[in-house]
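Following: one structure in structure tokens, then a few remarks.
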Amino acid sequence: MAVAWKSRASSIAFGIVLLGSLFAFVSAKDEAPKLGTVIGIDLGTTYSCVGVYKDGKVEIIANDQGNRITPSWVAFTNDERLIGEAAKNQAAANPERTIFDVKRLIGRKFEDKEVQKDMKLVPYKIVNRDGKPYIQVKVQEGETKVFSPEEISAMILTKMKETAETFLGKKIKDAVVTVPAYFNDAQRQATKDAGVIAGLNVARIINEPTAAAIAYGLDKRGGEKNILVFDLGGGTFDVSVLTIDNGVFEVLATNGDTHLGGEDFDQRLMEYFIKLIKKKHTKDISKDNRALGKLRRECERAKRALSSQHQVRVEIESLFDGVDFSEPLTRARFEELNNDLFRKTMGPVKKAMDDAGLEKNQIDEIVLVGGSTRIPKVQQLLKEFFNGKEPSKGVNPDEAVAFGAAVQGSILSGEGGEETKEILLLDVAPLTLGIETVGGVMTKLIPRNTVIPTKKSQVFTTYQDQQTTVTIQVFEGERSLTKDCRLLGKFDLTGIAPAPRGTPQIEVTFEVDANGILNVKAEDKASGKSEKITITNDKGRLSQEEIERMVREAEEFAEEDKKVKEKIDARNSLETYIYNMKNQISDADKLADKLESDEKEKIEGAVKEALEWLDDNQSAEKEDYDEKLKEVEAVCNPIITAVYQRSGGPSGESGADSEDSEEGHDEL
């Protein structure tokens, strides 16, 4: 690249960085009136969770199934779109149209080795769209659509938003959304975009281990404590070392692996059973998506059971060709199959400790977060690493992240009150940020684990005589050459006055905001000309037009979902009325003995005809069901009214109305 380093001290003192963080905190307080209630969403690879700070405490909100965590799954059938449990429960029967693990695709490039590996493991189709992995799926009979990972994530975020709205009884537009601490710039920005598509203002992106640390330390007062958060979830792994001191949460170092978690442990089990089936039954099920769906679900169940049992039986009815599958699985075998992956988690722990400059005996508490930390072997390895120190069981590993996000939301909205006013977060940039200089050298402006928000400037100069344009290429990574780092984006600064090499002064400024997202500016000091980075497609960022289109499509889907629900409700109303009538005319305690024979025949005829019509019109529209209900009522209601008048009972529009009030409830 045509810029060379020019000597000028560029480091900003930690005190100023700290003031920057304090300023951001004060600013958040100043902005508070603009925000409504801010919910906290843990958008997980396998499960998501939502919380809100209310009446002086955090409420983790249960979904419509009564569960406090919701599967991060989306599915399409010919009739509707399903999200959460409903999507996961039908996966084995509808594998190609059921989407999961989308967090492993978000913000990545199609050619990333992780994406190429995942493509072989999921039953749905991942396609290349402008260098990004998109999901191609049949949304209904005869219609196939292509979705970005952001759009699928937005569907899950919408589900979490609606869960919170139902609980709070009002519309929600603001949220704090969490990401793995080791997510890079593109992955953070893509998560923010997903929030926009879901109709949310993402007030802040915060790191999952930091959120979990808040959950752990919210009520901890007293002296300074060093804690290590070990966050092993369904798809990602983070380690953060923090100091907590009377409400101030300062991250000292963070490390991790954005492609390691429970899904990988499930995959090892699946590979083991696929080989076993091939050996025992001479049947290869590795390309049979339905069989794999059943096996995936059973492997996840077995893995969970082995956290509390030493042996389980993996049983699947009619796995393939009508053959029932039944095999024992011991905890020892499970640990052997995943031994290298479990041990892999210790590498980031050591790096984070080294970066924080702490000895093992200086860690006061080890906080476990994420469902995979329930695995006994993982706990054992961690305990051995810290010379026998027991990890803390003080937080719920499934809910801690959403809990912390909800607390941060209450701080931003000003609804936290006395309990949260002392809290201050000082988080860090997880990866070194810099630009390419002559010879492909990575010149670092912001080292990893720098407290954010932060701003750093450095002066560079031209490499050639009379050079009027320089290209600024921005990278993230820890290697000394840019070819081994990740390109975030590039832009040109033009209009530099021609001069001998080494004369022009070009100031490059890196600014990382509180979300961990980077902005870069380059300015020619002589002319005052400046350029800011515009995120290009090679960074994997959605354009504004794409986001707007996706927002419109998300709204259309919401409208379609509403129509589907109205259609189901209309069908249920018709069915309820018909079966009510059928029940009443055959029950002596109700209408059977009070009807004339011709009246009974008329009602029986109307009921029979309506039931046949229902069988023949499984996918009728709402209006058709409403019309049919009116037709049946037109036959039955006058007869019911006449009967009640004859018998001196209350006349009513319908026999259904005189039933117990429970008839008005939705049917399960």
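FYI, residue positions are counted from 1 along the chain as it appears here.
Cβ atoms are placed via backbone N, Cα and C, with glycine included.
Residue ranges 565-568, 601-604, 665-668 are listed, and Swiss-Prot annotates 665-668 among them as motif 'Prevents secretion from ER'.
Mean model confidence of the motif 'Prevents secretion from ER' (665-668) amounts to 39 (pLDDT, 0 to 100 scale).
Counted within 10 Å of its Cβ, the other Cβ atoms near ASN617 (N-linked glycosylation site) come to 13, all protein chains included.
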